[in-house]
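Asker: Submitted below is the structure of interest, expressed as structure tokens.
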Amino acid sequence: MEFVDEKRYRKIKNGVGRAVADFNLIEEGDRIAVAVSGGKDSYTLLHILEALRRRAPVKYDLVAFTIDSGYPGFRSDVIAAHLKEHGFSHHVEATTHYDIIKEKRRPGSSYCSICARLKRGVLYTLAQQHGCNKLALGHHLDDFVETLLLNQFFVGTLKAMAPRMLADNGATTVIRPLVYVEEREIIPFARENSFPVVCCCCPVCGKADIQRKRMKELLKELERENPAVKRSLLRALANVQPRHLLDRELQRVCEVP
């Protein structure tokens, strides 16, 4: 695919390439399942990974997966048409997640968390069924720092996301190659390259996750004083000083001569 803005494309590609090198995200012979929801982030991830694949010093394969959660009006056909046009291997998995969520969701709670858990489980299964050893997700830099703040403010844990981690099933390695890419770089990239963004059609889409929206607002406020605040928060995740934290287990480890 020829990208409209070469400078923006290279900036995003270089960010992904740096993450791949820093965290050893892609290795020789990998078969990578890429979760494609129809959103700007997952389209960007898939196209950039393909662009890197064509010139990478290691050989790897990509397989795109879309989970249809059963929300009325979800246009998986639009996603399928775009990926077919660009030669991607693609599989759509239909589920009854919407019915499960309606039954299990607590009154007043968000659809997002339970929906994400259900999708992730299906993606792990699909990855194994299709011989994929890795699963690539489209979380970008903003997602990392927002999650860090959410966990600190509302959960009381010092925790964000990992760019690379072994899934609970013990068989699939989850990778997040967009860790160094900001959302404000992805938005125009997706728009100018006419990625056919598809709404998830969740009944409360745009209304849920008020806490995450508040974190976005807070970061915007902080950026007025320090434009590099998000990247500073991301650097903090790679610059942990255990001796200066309150975790007792870490304190014991640090005291061992």
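Cβ coordinates are placed from backbone N, Cα and C, and glycine is handled just like the others.
Small disclaimer: the values here were computed from a predicted structure and weren't measured.
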Asker: Taking C201, C202 as the options, which does Swiss-Prot list with C112, C115 at the [4Fe-4S] cluster site?
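Answerer: For the [4Fe-4S] cluster site that includes C112, C115, Swiss-Prot also lists C202.
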Asker: Given 37-42, 103-108, which one carries Swiss-Prot's motif 'PP-loop motif' label?
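Answerer: Within the set 37-42, 103-108, Swiss-Prot attaches motif 'PP-loop motif' to 37-42.
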Asker: Could you give the residue numbers and ranges of same-chain residues that sit at least 6 residues beyond the motif 'PP-loop motif' (37-42) on either side and whose C-beta is under 8 angstroms from one of its C-beta atoms?
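Answerer: Same-chain contacts beyond the ends: 66-67, 75-76, 78-79, 138-140, 178, 183, 186-187, 189-191, 195-200.
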Asker: When the number of other CB atoms within 10 A of each residue's CB is tallied over all shown chains, which of the binding-site residues C112, C115, C202 has the maximum?
Answerer: C115
